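Novice: Following this message is one structure expressed as structure tokens.
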2 protein chains.
Amino acid sequence: MTEKEWLKYLKKYIIENSYVIKSKNEDCAVIKLSKNKYLLFTTDALVEKIHFHFSYTSFFDLGVKLATSNLSDIAAMGGEPKWALLTLGSPKPIDKSWINPFMEALTSTLKKFETHLVGGDTVKSPFFFVNLALIGETKNPIFRKGAQPEDYIFVSRPLGESSAFLRLIQKKSLKDIPESVKQAHLRPEPEILLGKELSKQKLATSMIDISDGLLIDLWRICEESKVGAELWEDKIPIGNFATLEEALSGGEDYALLFTVEEKNLKKLENLAKKFNRNFFKIGRIIKERNFYLIKGTKKLKIKPKGFDHFEN
Amino acid sequence: MTEKEWLKYLKKYIIENSYVIKSKNEDCAVIKLSKNKYLLFTTDALVEKIHFHFSYTSFFDLGVKLATSNLSDIAAMGGEPKWALLTLGSPKPIDKSWINPFMEALTSTLKKFETHLVGGDTVKSPFFFVNLALIGETKNPIFRKGAQPEDYIFVSRPLGESSAFLRLIQKKSLKDIPESVKQAHLRPEPEILLGKELSKQKLATSMIDISDGLLIDLWRICEESKVGAELWEDKIPIGNFATLEEALSGGEDYALLFTVEEKNLKKLENLAKKFNRNFFKIGRIIKERNFYLIKGTKKLKIKPKGFDHFEN
């Protein structure tokens, strides 16, 4: 089955009830512990030759990326990451030459956000794979559901450079690839601080992290919120070395994509000032359940295109 | 490095603090949520050709085994399992013919113990692997640490048949292997109900599940409790088709191994009656930090021998 069919199929096995208030179609499962306390629970794996190649990924990079891909799921719900378990599958005996940089990168990336590794499982495996399971907490989870017509669509930083890396590495050696492009793909940063602040101030009506591409992740917000969207092409922030196509459909950006009511725009501006950064207003939610790309005076109806994890 | 060196190495990256009251040398990380509420957090992976072979493991078996290996870690601490995330790595597109039995087995085994699958990650992979991350809760965690000299050592059921399976399958076809041996290896049962009751009644001074072999797992209890043990060979319950060696050093039994003070033996007897089953009193904790096997009138000093996950 395709990834879409699989996600639909999985739903019959995944529970939502009065405790598990959200598990389907979300970045994390959301479990209500008490009136104002929710556990967030997520897991993400990286597999050699599928998600990374050691020809261009160092063990340090792998540690950063594993931490970020999981932390980003917690960020997407406005949570505070807390405790993580590592599963490490290795085809060869563990050796300090490679385990040191991996563990240093993993735990230092987690610690930046006060997150602690508390255990795990280590197994022999024909290939390298790493899996993290991460628990977070929040008082106010932000869901994909919640975007309303008229809300503005924001993205937290320029897009596409992570995807540009995969294009450039086909033709160039690692040392000839611009630093920002390497960083974007190999050592991405999760938006934990922003997610937490949006949750605390209740500024976002919906949120997701861009892991599979702007269009497909915005489409997920729209599906859950039962709305549509128009995107303003000239407002989409494109990474310096990325193409528009990469900004729209490239994956692994780990930027936050969120929607904000007009009345909260001023507060968001203040938050940007506080963080000394910009957020990018790239479009608007519409009632009609379709997607439009506004190119100057043209309005194109588009279909989301993104990464299917089972596509060949 | 060997598994022992690796576990020692890992310690510098794994945190214990006022919230994470236990993470090193335990079946689960133990996180204190409030005075009487602890989260238990564990993960366990199964990898094709390392932990199982499809020549004798069905997808249904795999689902049961993944659930049990994780549930058993919660049982070992006296916990109630609650919520699980599945990571599925598959080399081929997902197809109902195999995903149905796997998901049915996994979720029905979890549900037997009121545990719910709440999400996960699905990835392409050059080989099959499955990983579960599981959260449990308890009011009274039972640790490996806590065994005292004079305590009696108990095991919850006969040992060695899971290991006997691996011997028999070398020579026989699956259909010629006795049913109890197949069950023990392919569809083991976690001791959740027993673990919970031992925790509730505060009957066990220490506990572990036998995943790597009786001797090595008892050795772990002794190391953490800073004690030694004597085992009574003729009291060790050996599965019908297992050898003594398999009962002592075979893995994946998922029985509980626990220590009980003399004053609580009567209560344990009542618990056995309530459950309509036997527990097996197999030895005693001693102050001297050594291991002895009592064979009739002989007393042999022994060394634990068990499964090293990196041994070739």
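Keep in mind that glycine also has a Cβ here, set from the backbone N, Cα and C atoms.
Keep in mind that what you see is a predicted model, and the values were worked out from it rather than measured.
So TrEMBL has the following annotated:
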{"type": "BINDING", "residues": "A:ASP27, A:ASP73, A:ASP209", "note": "Mg(2+) 3 binding site"}
{"type": "BINDING", "residues": "A:ASP27, A:THR42, A:ASP73", "note": "Mg(2+) 4 binding site"}
{"type": "BINDING", "residues": "A:THR43, A:ASP44, A:ASP121", "note": "Mg(2+) 1 binding site"}
{"type": "BINDING", "residues": "A:ASP44, A:ASP73", "note": "Mg(2+) 2 binding site"}
{"type": "BINDING", "residues": "A:HIS51, A:GLU252, A:PHE307", "note": "substrate binding site"}
{"type": "BINDING", "residues": "A:GLY120, A:ASP121, A:ARG144, A:SER211", "note": "ATP binding site"}
{"type": "BINDING", "residues": "A:ASP212", "note": "Mg(2+) 5 binding site"}
{"type": "DOMAIN", "residues": "A:26-137", "note": "domain 'PurM-like N-terminal'"}
{"type": "DOMAIN", "residues": "A:149-293", "note": "domain 'PurM-like C-terminal'"}
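Explain the structural surroundings of these features, please.
Specialist: In three-state terms derived from DSSP, A:ASP209 (Mg(2+) 3 binding site) belongs to an extended strand segment.
Listed in sequence order, A:ASP27, A:CYS28, A:LEU40, A:THR42, A:ASP44, A:LEU134, A:ASP209 are the same-chain residues six or more apart from A:ASP73 (Mg(2+) 3 binding site) with CB atoms under 8 A from its CB.
In the shown protein chains, 21 other C-beta atoms lie within 10 A of the C-beta of A:HIS51 (substrate binding site).
Its Cβ taken as reference, A:GLY120 (ATP binding site) is surrounded by 25 other Cβ atoms within 10 Å in the chains shown.
In this view, A:ASP212 (Mg(2+) 5 binding site) is surrounded by 22 other Cβ atoms within 10 Å of its Cβ, with every protein chain counted.
The DSSP breakdown of the domain 'PurM-like N-terminal' (A:26-137), given as helix, strand and coil counts, is 34 helix, 48 strand, 30 coil.
Looking only at the domain 'PurM-like C-terminal' (A:149-293), the predicted model's pLDDT averages out at 97.
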Novice: For the domain 'PurM-like C-terminal' (A:149-293), what are the DSSP-based totals of helix, strand and coil residues?
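Specialist: Output for the domain 'PurM-like C-terminal' (A:149-293) reads 63 helix, 30 strand, 52 coil.
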Novice: Which residue, out of the binding-site residues A:THR42, A:THR43, A:SER211, shows the minimum number of other Cβ atoms inside 10 Å of its Cβ in this structure?
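Specialist: With the binding-site residues A:THR42, A:THR43, A:SER211, fewest surrounding Cβ atoms within 10 Å: A:SER211.
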Novice: My list of binding-site residues is A:THR42, A:THR43, A:HIS51, A:GLY120, A:ASP121, A:GLU252; which of them have a Cβ under 8 Å from any chain B Cβ, in sequence order?
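Specialist: The binding-site residues close to chain B are A:THR42, A:THR43, A:HIS51, A:GLY120, A:ASP121.
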Novice: Identify all same-chain residues not among A:ASP27, A:THR42, A:ASP73 whose C-beta atom falls within 8 angstroms of the centroid of the Mg(2+) 4 site's C-beta atoms; report them in sequence order.
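Specialist: Other same-chain residues with Cβ inside the cutoff are A:GLU26, A:CYS28, A:LEU40, A:ASP44, A:ASN70, A:SER72, A:ILE74, A:ALA76, A:MET77, A:LEU134, A:ASP209.
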Novice: Just to verify a number: CA distance, A:GLY120 (ATP binding site) to A:GLU252 (substrate binding site), in angstrom, no decimals.
Specialist: 25
Novice: I'd like to confirm something. Which of the binding-site residues, A:HIS51, A:ARG144, A:SER211, A:GLU252, has a Cα closest to the Cα of A:ASP121 (Mg(2+) 1 binding site)?
Specialist: A:HIS51
